[in-house]
Amino acid sequence: MELGVIGLGRMGQIVANRSLEAGHDVIAFDLSAEATAEAAEAGAEPADSVADLCDRLGAEKRIWLMVPAGDAVDATLADVEPHLDGDDVVVDGGNSHFEESVRRAEETDAAYLDCGTSGGPASAEAGFSLMVGGPKWAYEAMVPVFDAVATGPEGHDRMGESGAGHYVKMVHNGVEYALMQAYGEGFELLTDGRYDLEMESVARTWNNGAVIRSWLLELCEEAFREEGSDLGDVADHVAGGSTGTWTVREALEQEVPVPIIYQALAERFDSRNEGRFSRRLANRLRYGFGRHEVARRDDA
Ligand SMILES: NC(=O)C1=CN([C@@H]2O[C@H](COP(=O)(O)OP(=O)(O)OC[C@H]3O[C@@H](n4cnc5c(N)ncnc54)[C@H](O)[C@@H]3O)[C@@H](O)[C@H]2O)C=CC1
Ligand SMILES: O=C(CO)[C@H](O)[C@H](O)COP(=O)(O)O
């Protein structure tokens, strides 16, 4: 398949690379010439602009957007829109709010797929988990690319109509916050508790057969291995929070109690207070799965 990829940052490069590795042709564009050149080095055909990318794709365009959520998606769509018709498919693989995705789907002539993407840059080798919403025919048309970008055929599915993909990813992120908080609290108790423990050893032991083993726990193990049992100079500031806020807002609207997700979000907001071990671990874990910058104590 011929795929246009717009947005070639941490995630977009992986979308392009995995598609290329699976034998697809990729035409790539980013506002940053450096990012476009990096994709070209990996085998993509570089485009000078969104218009150029669309011209090169010809009929039945398949375009994957991997730009930051919010205004950048609307700005990109404004550039793409004049080149689209009903046979074309646009995938938004970013962390867009599901209601924005429903609006965009209604506004565009093309079939619009909202695709929640999980795994982060750390999953470049293994592939992502993809949660897709939108027209069935468009999902089916994109399956060869989804097979390539995801872990494989089991790593993606159509969640439902427009918005459902980003809705599922929003809730996924709420769960992610809660899990990070739970691990953080457990390790904080172990650190401040009765025994002199090695946290890497605890995490490794748990990861081998324990009920609570998981990828996030593997990232805890990695964090302790690389930063030390006390997390060294990792600060207790946790950045981000938009998707967790959306999850809690939606839970309030639906009158579904999500106290643990809310508490995890509140902890992030409260993380200006120095010294909490759980937050410093969460800060470091976001590097583990997302390659987000680790705020260090000296930066505070
Ligand atoms: N980094 C992560 O762990 C994950 C990120 N996401 C989502 O994926 C999306 C992309 O994230 P990242 O790759 O981490 O961001 P990034 O900041 O690394 O890359 C974004 C890229 O988009 C480009 N860009 C911005 N506006 C553009 C425009 N109008 N036209 C063309 N290119 C444009 C930028 O130059 C940059 O290269 C975001 O919505 C993010 O929330 C989703 C899952 C995990
Ligand atoms: O979606 C993700 C992981 O699943 C990304 O890492 C996202 O950037 C996390 O952002 P935040 O910490 O603000 O929720």
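A Cβ is built for glycine as well, from the same backbone N, Cα and C atoms used for every other residue.
Record features, source TrEMBL:
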ACT_SITE  LYS169  active site, proton acceptor
ACT_SITE  GLU176  active site, proton donor
BINDING   GLY7, LEU8, GLY9, ARG10, MET11, GLY12, VAL67, PRO68, ALA69, ASN95  NAD(+) binding site
BINDING   ASN95, SER118, GLY119, GLY120, HIS172, ASN173, TYR177, ARG268  substrate binding site
DOMAIN    165-300  domain '6-phosphogluconate dehydrogenase C-terminal'
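The C-beta environment of MET11 (NAD(+) binding site), restricted to residues of the same chain at least 6 apart in sequence and closer than 8 Å, consists of MET66, GLY93, GLY94, THR117, GLY120, PRO121. Residues belonging to the domain '6-phosphogluconate dehydrogenase C-terminal' (165-300) score a mean pLDDT of 94 in the model. Proximity to ligand 1 at the level of Cβ atoms, with a cut-off under 6 angstroms, picks out none of the recorded positions ASN173, GLU176, ARG268. For the pair formed by TYR177 (substrate binding site) and the residue listed as 'active site, proton acceptor', distance between Cα atoms is given as 12 Å, rounded to the nearest Å. On the backbone, the CA of ALA69 (NAD(+) binding site) and the CA of ASN95 (substrate binding site) stand 6 Å apart.
Checked against SER118 (substrate binding site), the recorded positions GLY7, GLY9, VAL67, LYS169, GLU176 differ in C-alpha distance, with LYS169 being the nearest.
Take the binding-site residues GLY7, GLY9, GLY119: by the count of other Cβ atoms within 10 Å of each Cβ, the lowest one is GLY9. In the vicinity of ligand 2, defined as a Cβ distance under 6 Å, none of the recorded positions GLY7, ALA69, LYS169, TYR177, ARG268 are placed.
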